[in-house]
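Quick look at what Swiss-Prot lists:
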- Thr15: N-acetylthreonine (MOD_RES)
- Thr15: phosphothreonine (MOD_RES)
- 69-93: transmembrane segment (TRANSMEM)
- 134-155: transmembrane segment (TRANSMEM)
- 178-200: transmembrane segment (TRANSMEM)
- 255-275: transmembrane segment (TRANSMEM)
- 291-312: transmembrane segment (TRANSMEM)
- Glu367: [CaMn4O5] cluster binding site (BINDING)
- 447-471: transmembrane segment (TRANSMEM)
Amino acid sequence: MKTLYSLRRFYPVETLFNGTLALTGRDQETTGFAWWAGNARLINLSGKLLGAHVAHAGLIVFWAGAMNLFEVAHFVPEKPMYEQGLILLPHLATLGWGVGPGGEVIDTFPYFVSGVLHLISSAVLGFGGIYHALLGPETLEESFPFFGYVWKDRNKMTTILGIHLILLGIGAFLLVFKALYFGGVYDTWAPGGGDVRKITNLTLSPSVIFGYLLKSPFGGEGWIVSVDDLEDIIGGHVWLGSICILGGIWHILTKPFAWARRAFVWSGEAYLSYSLGALAIFGFVACCFVWFNNTAYPSEFYGPTGPEASQAQAFTFLVRDQRLGANVGSAQGPTGLGKYLMRSPTGEVIFGGETMRFWDLRAPWLEPLRGPNGLDLGRLKKDIQPWQERRSAEYMTHAPLGSLNSVGGVATEINAVNYVSPRSWLATSHFVLGFFFFVGHLWHAGRARAAAAGFEKGIDRDFEPVLSMTPLN
């Protein structure tokens, strides 16, 4: 009887229902993996695995280019980006392309160029992927030893890690150069409601940059997500880029120490699990950043944050009722607390009502009205500018919430009908993807550790019930 699994099997495998679905060198008998296990068949075929990864990169870049052009084609300059379901153009606008004062889009040509460049890049990657998957050498070790590798070769693995770190560092510096020399980036805090500007006075103080990492993640602290000026963000990228490049050089030049050799599992599946774990962390951090941070993700493009929409509603009604003659400093609400203004636990003057829970919100349209002790009553009575009223009314009606009832005091039933904030999309998608990647991390880590320890969980193939059943065909 033909065995449907490799005798030298290191992984639990599934049986093929149809033995003809095989490619030479990539069939189940040679690799221990069925056709549907995808890249697992290529674990020891470095050339073919390269093809799979390059083709995958091509698909990713093709999506980016095609979606970019789709958004440009559908873009209406008269409406805010966040009303149009856009998720790519806000990123380009944040980088300072095509926008002017107040986040107004003045030129869509840079967006078009971005889309076309990504499409062209995807064609190059697609060709490379097909070439290496079908025509190139199956393994790179013999012909191109620099690009070849064996998973157990610890020194080679850390060299590859080092190269990746250097590339990440260069990526961080690309943002720095854009902000410093190539037109600047969009600063939502620029006076009068935001503008594109070059960053001139970088924050490089390690106590400031690494102070963010030491902050509590709760309340007014907010860990790294609390960053609210571009000097700190760009300065942080200088530090990150430098650390990545220096760490990359270190990993290329050194071999793993004995404790590292003992601590880690050195196999392809182990590296996959480490990567998935890192991506899960990225996903969770990105989720928090896009949900709470309105500096790295300006509200002009992504819509207001939840707290921002709630505070904007309180501000809008304060403005309205003050015009109608209300004394906003002393009016009481139904609970006996201040209707429009009250004090926070630490004594600052804050907005009253249900939005009190968001009292530590910082937003460019609100900060000019604060004094040393919170909101300044004199400024609220005399200094409110038309652009602040317009922006808060706009944000009040575009909360990133899909609830049919009030959330944080914001009436959301209108929004649930025909508006989903890009913040909701980006935060939810990154949380869900981060969670799936984390589960994948646990799964592959468990398998890699089991294989390294010399045992695996799986069905004993010799007594598998399906072997005694009539074949499907």
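Using N, Cα and C of the backbone, Cβ positions are placed for all residues, glycine too.
Relative to the transmembrane segment (69-93), the listed stretch 291-312 leads the set 134-155, 178-200, 255-275, 291-312 in CB pairs under 8 A. Outside the transmembrane segment (134-155), and at least 6 residues removed from its termini, the chain residues within Cβ reach (under 8 Å) are 25, 43-48, 50-51, 255-256, 261, 266-268, 271. With a threshold of 8 Å between CB atoms, the same-chain residues lying at least 6 positions outside the transmembrane segment (178-200) that come near it are 93-97, 99-103, 228-231, 234, 294-295, 298-301, 364-365, 367, 387, 391. Sequence-distant neighbours of the residue listed as '[CaMn4O5] cluster binding site': residues of the same chain at least 6 apart with a C-beta under 8 Å from its C-beta are Trp189.
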